[in-house]
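Undergrad: The following block contains the structure, expressed as structure tokens.
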Amino acid sequence: MGFTTSKFVNGSESIDSLPKNADSSLNKLANAKQNTLNGTNNTFAIVWLDTSVNDADIIHRNSIARFRRISVLIKTFINVDECLQYLTKMKETKILMILAGICAKEIWPRIKSMKHIHSVYIIVDGDDDDQNKEYSKQEYEKVKGIFDRVDPIYGFLKRDTRHIEQDLLGISIIPSDDYLKQELRQLNSLFLYWFLVKQIILDLKYDDGAHKSLAEFCRSHYTENTKELKIIDEYENNHQDHSPVWWYTRQCFLYVMLNRAIQTQDIEVIIRMAPFIQDLHRNIEEIETSNETSSIVLYRSQITSKDDFEKMRTTEGHLLSFHNFMLTNSNYKTALDETRRARGNVNSVALLFRIEVDSSQNSNCFTSLKNASYLKDQESYFLFSMHSIFHITEIKQIENQVWQITLKLTKIDDKQLIYLKELIHGKTQNVNQWYRLAKLMAVLREFDHAKEIYHVLLNLLPTTESSKLCYIYNELGIICDETGDYRLALSFYQKALEIQRKTTHFSHHLLSIAYNNIGEIQRELGDYFKALSYHKKTLSIKQKILSPHDLSLATTYNNLGLANQSLGEFATALEFYEKSLNIKRKALSPTHIDFAVTYNNMGELHREMGKYAAALKYLEKGLQIRLKTCSPNDSSLAITYNNIGLIHREQGDYNQAISYFRKSLEIKEKTYTSNHPALAISYINIGEVHQLLGEFPEAISSYEKALEIQEKAYSINHPDLAITYNNLGIVHQLLGNYPIGLSFYQKALKIRQKSLPPNHPAMATSYNNIGHVSQLMGDNNVALEYYQKTKTVQEKCLGPYHPSLAATFNNLGDIQRTLGNHKKALGLYEKSLEIKKKSLAPNHPTLSVAYNNIGVVHHAMQKHALALEYYKKALEIQQKNLPLDHPEVALSYYNIGTVHQSIKQYSIALENYEKALKIQEKILSPNHPDLAHIHNSTATAYFHLEKYEKALEHEQRAVDISTQSLSPDHPHLQTFKLHLQRIQSELEV
């Protein structure tokens, strides 16, 4: 009586399906949602709620017409619920709200906490004295007035919209000289955005028809505003009669549209209004500034939130820019009075900007509005051009809730700004005009902005501009590729290729780029055969038009290496990587970042070939280059950390492995969108370490996170989905959920049969794991069939000492042992141990598997001393590498117990069984089959000690567990039932 088990190796694959830096011939960028803007974005809207309003009423219609002079967006409602729905939807827009009649009381409790409602104007019945008193008693912060008719509200709306626009003047700050040491990506992207927008606008050249085109565009935004339409006509026909400053200060459609476009970064409006922006800047430069004194102090008031101010408090010495054209006042008292309107609002801080200008120096442009403005009361006002930049010299509190920020205008020849301009030029030098802005946003990983700009440019281009259309589609493909939207990326690349093919004088160079990018996206989509085909087309073109040592060929060799590696053609992949490396050695310095790409891929290839020492050497060489040349959050560092983690995992150093995986994940979370497939790879690898450490719930959680991402990003037959299904199968197998494990393995195999060649190593993994779970379910013939399939594939695609082949010999040994062929089993186990000793570290955890299983065979052959020796070797390795409550530690205690039981040392056997049971009950489900084995053996020991009641208790548990977890005809269950009957017979005597 008694039962011993051996440890079954699952052959789970080690993966890194991160894009292995395909080193594509265009810089790869990233994705955001598609967003083509039509019309003007609105920073504020007027909402009028009046349940008794009548659209036909002449007073109402006249009021709406007047209000349109203030805001393009005006909404009227007669239903409270509809109004609330609209307010909820418009959270990004400042609302000025008119409430009339009984609806004011009804809606007020539901809107007073809405932060985007800026001002409320309440119309009450003039004869209702009680209602007037009720509102006046309450300190409604947002209520700007109680009125008995609508007419007076117009003046208040005009004042409050001016305050909103004044307070919405965009500000961005960067450290004054940090960009001398840092990458652009670490700086404030808004500062850089407007810095480049201004450069682009000032560099562009416009023809005489630009003003007519601008008028036509603006007219489409004022279709219902007759007053502004007349001004637009006037501008179109007679714009030259007045200066751009005069037109801007008229505060007509030009002022409104320009300010809102800059406030909302509406790039289409900015592009359309660029001719006027350029004219306005040039006009400011031309107007003679005041010569009364060489030093001028100007003021600007602005209200901001407490949170935003806290971010500014420690920025003395930094550079500050106002994004828009900025109106300032030389009258200190007037400006200070403006700031005091923040009092009473506990969530706001008033800022008084004190701006020091030395007009004798060559500073950024500004001008006095004296004799230049449309308005006659602006003699004390000065206008600064857009994106004027200042040094912050002092920040101090001057009154309650009022802070003064002293600024000094920068000079045109400021060295820091010149360097910043050169830095931006270096990142965008291969493109011009507005394409530079999109490129910069992509470099900064501001992908929403980059994609938006490209879509706007796409809509503005005529269909005849084939080369520009091709470029934009390609860049949009690169953006989608970077953020994991591979199918959309493929569609953009295919559009670019289609345009190329239709062009009569197509460029071979551009065609090769299209083939290259489609090849890489096909690889990431898991269609490795198509990927290889496209990269061969790329190579064919480049070999015809380039010299043999051109760096672009190194890129193609690299990508051909990746495609062959994905197909399991390791020798061919290595040849291509070597070719890529040889070209780079002739053209680049040894520490160039491009070497890191090839070193990474060669490291990954050697890892897949089981050559871990060589793999780690290449990966560490790549890491040293990247640490010197990349920012701390560069995505390429995430790839390298991930791949080094894989090597440590293969070598059994799980703590180091999970440390590197988490470093990689931390960078990815800062760099990628939350559903990017790169994050799924980290979750899978972290899950595998949890699995190896016996932390099964944590492993399942990580795998399910990965699966959720992959199912959104990939097609149903993507190979990476097979990896996740496979790993979920392994965990359920380890938890004793064999049918669930088998279903996941079969899903993985089905995908691999459709997406991979028949001799791919991943096919061997699937065959192995189906064989393994079949063995655990008692179907040894099916298990033997799948293990033989595994061995056939591995011998064709892997070296003779690959660790995966060791796992297969181990599993074939398990089958032979189960069939009673102990000598065959021992030979197979020893072959497995031989491979592991040659390919792994001396204390690698999987060596304990080989020692354990050799011990099992010696035990079965009655060689008890040898069995005990091998079991103790296994336990010694496990105690050095694994947690003390790991299932493999429990297995070793159990097997040591079975040997002592065999030589009739029952008390020692029970000590070891108890240790094993304590661990297993802690980490396994209550009905796991391994618990049944321990209970059965414990019952056997008690039986021989004639403690029959104890024996009955444990044997009954073995039968109960097996009934729940095994099929009725499973041999283990039948054995346990026989043992139970024998114990019951002894108790009846």
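Cβ coordinates come from backbone N, Cα and C, glycine included.
Where the annotation comes from TrEMBL, it is an automatic prediction and has not been curated.
Computed from a predicted structure; not experimentally measured.
Copied straight from TrEMBL:
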- 470-503: repeat 'TPR' (REPEAT)
- 512-545: repeat 'TPR' (REPEAT)
- 554-587: repeat 'TPR' (REPEAT)
- 596-629: repeat 'TPR' (REPEAT)
- 638-671: repeat 'TPR' (REPEAT)
- 680-713: repeat 'TPR' (REPEAT)
- 722-755: repeat 'TPR' (REPEAT)
- 806-839: repeat 'TPR' (REPEAT)
- 848-881: repeat 'TPR' (REPEAT)
- 890-923: repeat 'TPR' (REPEAT)
- 932-965: repeat 'TPR' (REPEAT)
Undergrad: Between the stretches 554-587, 596-629, 848-881, 890-923, which wins on the count of C-beta pairs under 8 angstroms to the repeat 'TPR' (638-671)?
TA: 596-629
Undergrad: Would you mind listing the long-range same-chain contacts of the repeat 'TPR' (470-503), meaning Cβ under 8 Å and 6+ residues beyond its ends?
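TA: Here the qualifying positions are 24, 26-32, 435, 438-439, 442, 447, 450-451, 454-455, 457-458, 461, 510-511, 513-515, 517-518, 520-522, 524-525, 672-673, 675-678, 713-715.
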Undergrad: Please report, as numbers and ranges, the same-chain residues at least 6 past the borders of the repeat 'TPR' (848-881) whose CB is under 8 Å from any CB of it.
TA: 4-7, 9, 652, 654, 806, 810, 813-814, 817, 822, 825-826, 829-830, 832-833, 836, 888-889, 891-893, 895-896, 898-900, 902-903
Undergrad: Is the repeat 'TPR' (806-839) packed against any residues at least 6 beyond its ends, judged by a Cβ distance under 8 Å, and which are they?
TA: 6, 8-11, 610, 612, 764, 768, 771-772, 775, 780, 783-784, 787-788, 790-791, 794, 800, 846-847, 849-851, 853-854, 856-858, 860-861
Undergrad: How does the repeat 'TPR' (554-587) divide up by DSSP, counting helix, then strand, then coil residues?
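TA: Helix, strand and coil residues of the repeat 'TPR' (554-587) number 31 helix, 0 strand, 3 coil.
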Undergrad: Can you count helix, strand and coil residues in the repeat 'TPR' (848-881) using DSSP?
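TA: Grouping H, G, I as helix and E, B as strand yields 31 helix, 0 strand, 3 coil.
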Undergrad: Give the residue counts of the repeat 'TPR' (806-839) per reduced DSSP state, in the order helix, strand, coil.
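TA: Going through the repeat 'TPR' (806-839) residue by residue, I get 31 helix, 0 strand, 3 coil.
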Undergrad: Could you give me the DSSP helix, strand and coil counts for the repeat 'TPR' (512-545)?
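TA: Going through the repeat 'TPR' (512-545) residue by residue, I get 31 helix, 0 strand, 3 coil.
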